[in-house]
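These notes concern the structure reproduced below.
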């Protein structure tokens, strides 16, 4: 990181950190943005040391600008960062990224006007820096500098490793900057495998060449001396034109950029190949339950690159499906951020979702909610008087059960008072038996503390009419007991009543 961070130092670093990312925004550029730009340039096989000078930044901008229309959001962010860094190197005062882009556009327009004016004054197109790899030698002649083996090796390695994934297109655009049709054919011929894809590319090129011939018919009559013939579709593709003719068209006044036209046809064919090699639709990209949000975003934008749609449609897809296809945890966070949240804010908010710390935090919140609800219910008195009252079936007292009762065990059923079965097998649906073994209170007759039967006397007692018969006191008492207590006799429980003797 130290080498990357040494791009700016001192006063330039202070200027860099004062520039805002967006107009009237809160976030400003930091050192980490330079580190990120260096890593992105390494991905595109561009030397990151070019960021250290203004001329190097200008070269990077020249390579990235043609791919802005079809590039991803990361490519646009890289272009914006390099443009802002160029203004810092040139000591151009800017307040935000938009002002830096406006300054770059003004400078490019001025340089184009100067080049056109110089070409009109001198009568030749000596725009050396605009037409690399076509350079001017010491004799003032425009010559072609062949594409380097290092560039070809980088292109072949990308095709072998990526196999026409979406990032192949910006890589091809960067490596073929300013190339002639002959250079482009050399790059295509170095691809050994994937011949089916190469055949599809040839068909696309032939279709575009036929469309060019239809839109640019040949003018009748001879060609004026000193003028070049107009290129046909096959000339642009490099099959019926020589290298000198290609250089002549590209350096003529006005120039015909046959290299850029052919490059555009190739990129159109590569888009079709990428679509074939990446059959996954953007609708199928969904975040897994344990997948980090960063990996999900990488897969999303990689698939979005392969979509054959305009930039407006891609922006709508990003705003809609990026949040909609996230997992429930991330979706809850993203919806809370609102629709105006930036990608950086989304990734920061969803950082760590699905990991151990996030799960522990969710569990703690759930436990806190349960504890709070339980406390509220206790405060409301929902658990008041919930304790069950225990009563003994043996003695009838409260506070213990029959198993722990110290009183003598009552015989028979505790419910109906009859012997021969237990209470659990009792079929009597009445009330529980009292200590006498009888059901009380009885639904028939008088209460237990009243005399059960008391016949009204209609004549004098019987003994008054029995003259000569004597009855003992014990017989008299038994007779009284039977009359007073026909259902239950206390004598059976306590023997003879002493009070009656």
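In case you wondered, yes, glycine gets a Cβ from its N, Cα and C as well.
Swiss-Prot annotations:
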- 2: N-myristoyl glycine (LIPID)
- 148: phosphoserine (MOD_RES)
- 387: asymmetric dimethylarginine (MOD_RES)
- 409: asymmetric dimethylarginine (MOD_RES)
- 7-31: region 'Interaction with Gp41' (REGION)
- 8-43: region 'Interaction with host CALM1' (REGION)
- 12-19: region 'Interaction with host AP3D1' (REGION)
- 73-77: region 'Interaction with membrane phosphatidylinositol 4,5-bisphosphate' (REGION)
- 106-128: region 'Disordered' (REGION)
- 189-227: region 'Interaction with host PPIA/CYPA and NUP153' (REGION)
- 217-225: region 'PPIA/CYPA-binding loop' (REGION)
- 277-363: region 'Dimerization/Multimerization of capsid protein p24' (REGION)
- 444-482: region 'Disordered' (REGION)
- 484-493: motif 'LYPX(n)L motif' (MOTIF)
Quick one: pull the CA-CA distance for residue 409 (asymmetric dimethylarginine) versus residue 148 (phosphoserine), whole Å only.
110
Mind checking which residues reach the region 'Interaction with membrane phosphatidylinositol 4,5-bisphosphate' (73-77)? Cβ under 8 Å, same chain, six or more beyond either end.
40, 64, 67, 170, 301, 318, 343
Using DSSP, how many residues in the region 'Interaction with host AP3D1' (12-19) fall into helix, strand and coil?
7 helix, 0 strand, 1 coil
Could you tell me which three-state DSSP class residue 409 (asymmetric dimethylarginine) falls into?
coil
